[in-house]
Every structure is written in structure tokens, then in C-alpha cells.
Amino acid sequence: MGDVEKGKKILIMKCSQCHTVEKGGKHKTGPNHHGLFGRKTGQAPGYSYTAANKNKGITWGEDTLMEYLENPKKYIPGTKMIFVGIKKKEERADLIAYLKKATNE
């Protein structure tokens, strides 16, 4: 897949202002992502999602994250996530590799 260390840097630069990944991490503007892989959209306990996120009905995995992270508002119209996305496929792969590791520790 991608490079975990590069993915960690991407998360710190582009995601950590709004998200945490560690077990027991607090929700910020966006939800904590611990346990993300295999979870359906809009299901992180204790986070208030839009109906669009709750109703999307997909399960997060490498393929769904690859598409979502390219353009979140296109993938889930009505999401409150303001991030424009990551256009470079390699950067998305690196981030997903890190998320897969960090959200399961």
C-alpha cells in the first residue's frame, strides 16, 4: 500500500487539527478515527454526524478511503468536513497506510 511514516506526516499536516486517531482520543471538529477500518460511515460513538454521513452506508476500508480522501464533498455530498481532499494518489495511499496502523493500535 503506502509508506506509514510519510502517512503520519500527512496526518499531522493535513488532518490532526480536526481528528485524533489513538484509542480513547477525543473528538475534535471531526471524529476520533480509532477503529475506523471496518466501521460504517457516521458511526464513531459520541460524535454528531450529518445525515449525509450516517446515510452513506459504506464501510471504511482502503478502497473507500482512497476515493473519499480525493474529494470528500463529492463522495459524501452534505458532509460537514471542510477539507478539500488529497489529489495525489500516492499521498492518499501513504495516509491510508498510516491510518490502518494507527487506528488499530
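Using N, Cα and C of the backbone, Cβ positions are placed for all residues, glycine too.
Neighbour count (other Cβ atoms within 10 Å of the Cβ, all protein chains): 18 for Met81 (heme c binding site). Summarising the annotation, Swiss-Prot assigns heme c binding site to Cys15, Cys18, His19, Met81 and lists sequence analysis as the type of evidence.
What Swiss-Prot records for Gly2 is N-acetylglycine, and it gives similarity to another entry as the kind of evidence. Within the same chain, the residues at least 6 positions away from Gly2 (N-acetylglycine) whose Cβ sits under 8 Å from its Cβ are Glu90, Arg92, Ala93, Asp94, Leu95, Ile96, Ala97, Tyr98, listed in sequence order.
The C-beta environment of Tyr49 (phosphotyrosine), restricted to residues of the same chain at least 6 apart in sequence and closer than 8 Å, consists of Pro31, Thr41, Gly42. Feature annotation from Swiss-Prot assigns phosphotyrosine to Tyr49 (among others).
Sequence annotations record features per position, and here Swiss-Prot assigns N6-succinyllysine to Lys56 (among others) based on similarity to another entry. Around Lys56 (N6-succinyllysine), the same-chain residues at least 6 positions away in sequence with a Cβ under 8 Å from its Cβ are Thr41, Gly42, Ile76.
Per Swiss-Prot, N6-succinyllysine is recorded for Lys73 (among others). DSSP assigns Lys73 (N6-succinyllysine) to a helix. Proximity of Lys73 (N6-succinyllysine) to non-local residues of its own chain (separation of 6 or more, Cβ distance below 8 Å) is seen for Thr79, Met81, Val84, Gly85, given in sequence order.
Annotation comment: Swiss-Prot describes Lys73 (among others) as N6-acetyllysine.
The Cβ neighbour count for Tyr98 (phosphotyrosine), using a 10 Å radius and every protein chain shown, is 24. Under the heading phosphotyrosine, Swiss-Prot lists Tyr98 (among others).
Here Lys100 (N6-acetyllysine) comes close to Met1, Phe37, Glu62: these same-chain residues lie at least six apart in sequence, with C-beta atoms under 8 angstroms from its C-beta. As annotated by Swiss-Prot, N6-acetyllysine applies to Lys100 (among others).
Look at Swiss-Prot and you will find 22-45 tagged as region 'Disordered'.
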Would you work out the biggest C-alpha to C-alpha distance among Cys15, Cys18, His19, Met81, the residues that bind heme c according to the record, and give it in angstrom as a whole number?
11
So if I measure Cβ to Cβ from His19 (heme c binding site) and keep only same-chain residues at least 6 apart in sequence, which ones fall under 8 Å?
Leu11, Lys28, Gly30, Pro31, Asn32, His33
Within a 10 Å radius of its Cβ, which of these binding-site residues (Cys15, Cys18) has the fewest neighbouring Cβ atoms?
Cys18
What three-state class does DSSP give Met81 (heme c binding site)?
coil
